[in-house]
Amino acid sequence: MTHSKRWLEEHEKDPYVKRAKKEGYPSRAAYKLLEIHQKYKLFKPSMNVIDLGAAPGGWSQVAKDLVGPKGVVIAIDLLPMQSMLDVIFIQGDFNEPEIFNQLEAIVAKKTLTGQVDLVISDMAPNISGIKNVDQSRSLHLVELAWDCAQKLLARGGTFLVKVFQGPGVDRFLINLRPYFNQVKFLKPSASRSRSSEIYILAGEFLGYNQRV
């Protein structure tokens, strides 16, 4: 059986996939974020959130439900995403200056401080099937997400990002820790057991110029 056929079979049998269809979420990824929120209380009413790599929208939908009508959710992705009520969507690469400037302008317009309370990223690279290549690409996306968070995350804010376990992750953690009071690894039960994906949860941002 090819990798693609095996994935399709697993996908069709996956209880989280079935649950997402039943409950109206665009993807099973919503349950990873819900589980993390239930344990760590990421979201509060009226929070301002950036969702990087948001398509197809599972995390954005969860975020908007939890921050409520007075909160702001800005979603960004290279891929198109179905329109969601009260979610601002930017299609493009946030690493490109023009797109980042657009993101920054929206944050400035929609928030009092020009910063957000929470930056979340469930980004994953296009999977090649070559483990070390995919892991390296995943880590690169994490570094891009962190670059964005440095510029737009408010002091006291939270950064949540997915990464594939492997070389370079420990080094990234060493570089990240001085900027946050709390940093931990998470593996939600909705993550497939054979997947190398984990989540880095960094809380109580000290500010980018605040090095310990």
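Using N, Cα and C of the backbone, Cβ positions are placed for all residues, glycine too.
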Can you find which of Asp93, Asp147, Asp170 Swiss-Prot lists as binding S-adenosyl-L-methionine at the same site as Gly57, Trp59, Asp77, Asp122?
Asp93
Would you say which of the binding-site residues Gly57, Asp77, Asp93 has the most Cβ atoms within 10 Å of its own Cβ?
Gly57
Among the recorded positions listed here (Trp59, Lys162), identify the one with the smallest other-Cβ count within 10 Å.
Lys162
Between the Cα atoms of Gly57 (S-adenosyl-L-methionine binding site) and Lys162 (active site, proton acceptor), what distance do you get, rounded to the nearest Å?
15
Going by DSSP, give the three-state secondary structure for Trp59 (S-adenosyl-L-methionine binding site).
helix
Tell me the coarse DSSP state (helix, strand, coil) of Asp77 (S-adenosyl-L-methionine binding site).
strand
